[in-house]
């Protein structure tokens, strides 16, 4: 019987895992809540493939340990593959899949909601109400329809975000080094990032974490932006120079910042710090600000998305194990 072993299975994933198991009675499924490390590879002994999800690196040592146990089929329940030692994976003959599209709507909706909350100064108003200060001023809001929304990256998520913001009545402009022909026909694209920075009241990032994009939001780019700009990052933490954003907030140039990702988030997000010493003073400062919205990498976190991540990853792994062409293979090496 085919056997698949899954790592880092969360409670919220178990109903969808059970659903997949019930539909595949001829496949033995075992799992753990532990991450995949050299020390936990032994748990998958006898498996034909593994299904994984973690921010921790898939190191050369981890991949070697899997290969030593006869396992070279690995399916991610997420998109990102930048934490995999691809050179080692290629050397060992790994086949890897990911889930590149599990719910663009989940992430795009979150970005749109957070942008609107910043514009309406919701956090500041909520804090006032909690103090029983029910005066209106000075927390007056801005309407989405009065904004020019700049979208950097027009892939699946960026396009859904554009549709949502247009639904509010905003004017939407976009920039992408790979232009979508349909969007280009409709005249969404500006010629450069500088053009977008100069025009946009709200800027939302929807690009990958590749070297060319690291700290694309920095002192220089912020200086080119409009006064009272709103910045939204639901993509990858390293896209933003956090210190530069803090300087922009302190100067008043940036009206508000919504962040679902953070360049130092590994080991901090998805952990309970209540009653404990918080490990990152800079992040604590951002969390405390009335014009900053912090969510711990949960833009994707909906039942729809989690189901797709589990089901598609297991489907992919079974296809690899059976020698078939997987639906969403990752280029190794």
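Placement of Cβ uses the backbone N, Cα and C atoms for every residue, glycine included.
From a predicted model like this one, the values you see are computed outputs, not experimental measurements.
NAD(+) is bound by 156, 157, 207, 208, 213, 234, 235, 236, 260 in Swiss-Prot, and the record lists one more residue there from 176, 191, 194, 272, which is 176. Most buried of the recorded positions 156, 236, 297, judged by other Cβ atoms within 10 Å, is 236. Here the Cβ of residue 176 (NAD(+) binding site) has 18 other Cβ atoms within 10 Å, regardless of which shown protein chain they belong to.
Counting only the Cα atoms, the space from residue 265 (active site) to residue 156 (NAD(+) binding site) is about 24 angstrom. Secondary structure at residue 234 (NAD(+) binding site), taken from DSSP and collapsed to helix, strand or coil, is coil. Counting other CB atoms no more than 10 Å from each candidate's CB, the recorded positions 208, 234, 265 peak at 234.
Rounded to the nearest whole angstrom, the C-alpha distance between residue 208 (NAD(+) binding site) and residue 236 (active site) is 7. For the recorded site, residue 156 (NAD(+) binding site), the DSSP three-state label reads helix.
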